Ligand code: 5GP
């Protein structure tokens with residue numbers, strides 16, 4: 001997605017060879033116009049899959065996921081990283097190791113929001129080692145829901161996430177793919193959409 005690549009070039013900051021900061025438009029301050037375009041694009045790519053729910057993980061997956069869900073006219077569910085006092089029903093849970101926080105957390109979704117009739121599109125802001133997406137796939141599997149695909153805003157293709165997810169037979173579509181963050185520079189490869 002050209003507009004996204006341009007935005008990363010203009011407003012992204014390379015923090016290290018492994019980490020890109022996009023807090024000017026995705027992860028802290030959010031550009032709703034760009035997000036709406038991202039949501040529309042992901043919805044278009046997965047339009048034939050009869051998606052019934054869009055699933056993400058809090059917090060920075062929520063913005064792209066909500067716009068994707070709006071375009072697909074489905075609900076959006078975000079997995080919580082901390083159990084809320086109001087989550088008093090049966091939960092689907094999985095353990096996720098966070099790339100940016102370098103710690104493991106238990107993620108959960110209330111069982112009542114996913115079932116075996118659901119066709120799920122997972123959406124997230126970044127794909128690095130694939131742990132967040134894998135945790136979300138596990139939650140869907142516990143509910144008996146079918147994961148139809150994974151829509152990613154920014155994939156760091158030099159990390160193992162895509163391989164891990166493709167080995168699980170889930171199609172991955174990334175709107176920007178980064179080959180390297182070496183020498184403070186973002187190098188892109190051809191994106192999926
Ligand atoms: P994974 O689980 O694929 O290793 O990492 C994905 C999660 O880590 C995403 O949900 C995202 O929040 C965070 N993340 C991974 N790499 C980066 C990065 O380079 N920059 C930012 N801002 N977040 C990242």
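Including glycine, each Cβ sits where the backbone N, Cα and C put it.
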Remark   = Per TrEMBL: xanthine is bound by 20, 27, and from 156, 185 the site also lists 156
Task = Can you check how the pLDDT averages out over the domain 'Phosphoribosyltransferase' (42-156)?
result = 95
Task = Could you tell me the maximum Cα-Cα distance in Å between the residues recorded as binding xanthine, namely 20, 27, 156, rounded to a whole number?
result = 16
Message = Return only the integer: C-alpha distance in Å from residue 20 (xanthine binding site) to residue 128 (5-phospho-alpha-D-ribose 1-diphosphate binding site).
response = 11
Task = Write out, in the order they occur in the sequence, the residues of the chain not among 128, 129, 130, 131, 132 that have a C-beta within 8 Å of the mean position of the C-beta atoms of the recorded 5-phospho-alpha-D-ribose 1-diphosphate site.
result = 97, 99, 127, 133, 134, 159, 161, 164
Note = Sparsest Cβ environment (other Cβ within 10 Å) among binding-site residues 20, 128, 132 belongs to 20
Remark   = Cα of residue 131 (5-phospho-alpha-D-ribose 1-diphosphate binding site) to Cα of residue 156 (xanthine binding site), in Å and rounded, measures 13
